[in-house]
Amino acid sequence: MVKVLVLYYSAYGHMEKMAKAAAEGAREGGAEVTIKRVPELVPPDVAKASHYKIDQDAPIATPAELADYDAIIIGTATRYGMMAAQMKNFLDQTGGLWAKGALINKVGSVMVSTATQHGGAELALISTQWQMQHQGMIIVPLSYAYQGQMGNDVVRGGAPYGMTTTADGDGSRQPSEQELDGARFQGKRVAEITAKLNS
């Protein structure tokens, strides 16, 4: 059984929900799944005043443990078209893993949330994949195999590079059932492809 880590950063709970959905999909795909989050960098008083969701139940990950998994699905909020600083700070601490080649041939996949529909989701997906590629990871995107992203009748998450969700500037929009379904699809796809690569 392959081991999948869903590693996320979520200030307001949107990516937390997406991470849990991706984990459901990966389990359905036959994987042993762990959900963890990266440390918060915002001071606690500022996070509280900004109404961050501080009651998230996922434990905090450490960079060294990434090597323990066959696949890593990263979920991150987007800031100005890039991954959130909290995720970047965490990934920037993986130089030791890079030096040892510890993540070479492991599977990587990415999901993001943005405040607006055109808030840099695709750029954040791709730039996060770049970090994985520097580690020698094999990228498994959402792809157009997930048909739920097609259509313009409503706001829909998804891109060929990875699943997305839109939160609105005030965080009022929660991930839709279509977006959660896409996260589950991506998680299952990662688990199944990882199993094939490890057989």
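Glycine is treated like the rest: Cβ placed from N, Cα and C.
Features of the protein shown, as given by Swiss-Prot:
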- 10-15, 78-80, 113-119, His134: FMN binding site (BINDING)
- Tyr12: NAD(+) binding site (BINDING)
- Trp98: substrate binding site (BINDING)
- 163-177: compositional bias 'Polar residues' (COMPBIAS)
- 4-190: domain 'Flavodoxin-like' (DOMAIN)
- 157-185: region 'Disordered' (REGION)
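Overlay of Swiss-Prot feature records on the structure.
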residue	record	Cβ contacts under 8 Å, 6 or more apart
Ser10	FMN binding site	Glu16, Ala19, Arg37, Lys53, Gln56, Gly75, Ala77, Ser113
Tyr12	NAD(+) binding site	His51, Tyr52, Lys53, Ala77, Ala167, Gly171
Gly13	FMN binding site	Lys53, Gln56
Thr78	FMN binding site	Ala84, Val112, Ser113, Thr114, Ala115, Gly119, Gly120, Ala121, Ala124
Trp98	substrate binding site	His134, Gln135
Thr116	FMN binding site	Thr166, Asp168, Gly169
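Residues in the region 'Disordered' (157-185) partition by DSSP class (helix H, G, I; strand E, B; coil) as 9 helix, 5 strand, 15 coil. Just so you know, the Cβ of Ser113 (FMN binding site) picks up 33 other Cβ atoms within 10 Å once every protein chain is counted. In the three-state DSSP assignment, the secondary structure recorded for Ser113 (FMN binding site) is strand. On the 0 to 100 pLDDT scale, the domain 'Flavodoxin-like' (4-190) averages 96 in this prediction. Here the Cβ of Gly119 (FMN binding site) has 19 other Cβ atoms within 10 Å, regardless of which shown protein chain they belong to.
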